[in-house]
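Going by TrEMBL, these are the annotated features:
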type   : residues : note
COILED : 24-51    : coiled coil
REPEAT : 107-149  : repeat 'WD'
REPEAT : 150-182  : repeat 'WD'
REPEAT : 234-275  : repeat 'WD'
REPEAT : 276-317  : repeat 'WD'
REPEAT : 320-360  : repeat 'WD'
Amino acid sequence: MDSKLPSSVRSTLLELFGQIEREFENLYIENLELRREIETLNERLAAEGQAIDGAELSKGQLKTKASHSTSQLSQKLKTTYKASTSKIVSSFKTTTSRAVCQLVKEYIGHRDGIWDVSVARTQPVVLGTASADHTALLWSIETGRCLVKYSGHVGSVNSIKFHPSEQLALTASGDQTAHIWSYAVQLPTPQPIADTTQQICGEDEVECSDKDEPDVDADVSSDCPTIRVPLTSLKSHQGVVIAADWLVGGKQAVTASWDRTANLFDVETAELVHSLTGHDQELTHCCTHPTQRLVVTSSRDTTFRLWDFRDPSIHSVNVFQGHTDTVTSAVFTVGDNVVSGSDDRTVKVWDLRNMRSPIATIRTDSAINRINVCVGQKIIALPHDNRQVRLFDMSGVRLARLPRSSRQGHRRMVCCSAWSEDHPMCNLFTCGFDRQAIGWSINIPALLQEK
């Protein structure tokens, strides 16, 4: 009988039923293996019982031993069932992720993990990455080609931020400094984008070894211009500078350090304007407001602090408490909101006018690293220790999870995310310990429609 369904709907249904069949086939195989394991456990239990009888132990001890083994077996069955069921459920969620989240480009060239990723705010729009290999690289978003290498630091480069209106980059480093350096790039001609939809294999967790990481034996950055000397070096910290950012207007910069302080510098003179003290442990991140003279710093002391420089004669500070572990980052959104992420596996949305308690809390299954908010659409990207990247709205509703498999996505901890709302090809970038950055195309209207 001819179907009246549109061909696109039919193909989607066939794909879904194919996924269901494959999942149940895998589940059937797992059940057979589990059944064999149960038989082995029963034989072992029987053997233990005989050995115990030989030792002439009491029936009570035998009962305790058997009860303990049975409990372990029961728990194993529950765990296996839960894991198998989760796989089936995740296969349905993958359909949504495929439609709205697609991997577009990989940026491979660093020789160590990438801590930070950022997108230029002026033309030409380029991608910047900061790596533990002591370099920062600038990339063509369209071609994935390295355009500039910065090698002025003698320690890990922990963050990179672009000036709001000039071709300047600000990098923070483990060498206890932050550098401001100028770049001039010419974008190469874009090549046709390869169809990556067939490469998306779903969200199943696949264990990957080191040999599965990107091959960087060929130094892709060796052919691009290298900048070795900064325009300005910001010095005053007594420990690792973990992050740095430009204040609105770009005439001042703020740095955050493991020496438990944040420093505000004059960019032109490199002079220290304010030293921001108060955190009890190492700082992990700093972020500036896009339109106001506000700074937020996060710390291992489980708090983040809001510093207000709108009045030049005084600066005030507010302390936000609510996390139970290291606050890995806190970032501004539009209006009066701040979003904070933590190693306690939660993300909290705060109203700056009422800092007593968060207005929304997102609970996850893994520690959260440097988050980023799509300001126009108010979507939060959460990079996790467990290699996943999840998208939520500001009210805490989960929207999607970026596809990840053995053939694509991050193979190690995801360290950072960055939105680029105006770029036509990629609007979300991620980076991680697997030494690569990834550009994603997120169909935001479809994402919000399916919410």
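Using the three backbone atoms N, Cα and C, a Cβ is placed for every residue, glycine included.
The repeat 'WD' (150-182): residue composition by secondary structure is 0 helix, 19 strand, 14 coil, according to DSSP.
Long-range contacts of the repeat 'WD' (150-182) within the same chain: residues 112, 115-122, 128-138, 226-235, 237-246, 248-250, 253, 255-257, 265, 267, each at least 6 residues beyond the stretch ends and with a Cβ under 8 Å from a Cβ of the stretch.
Helix, strand and coil counts from DSSP across the repeat 'WD' (276-317) read 0 helix, 21 strand, 21 coil.
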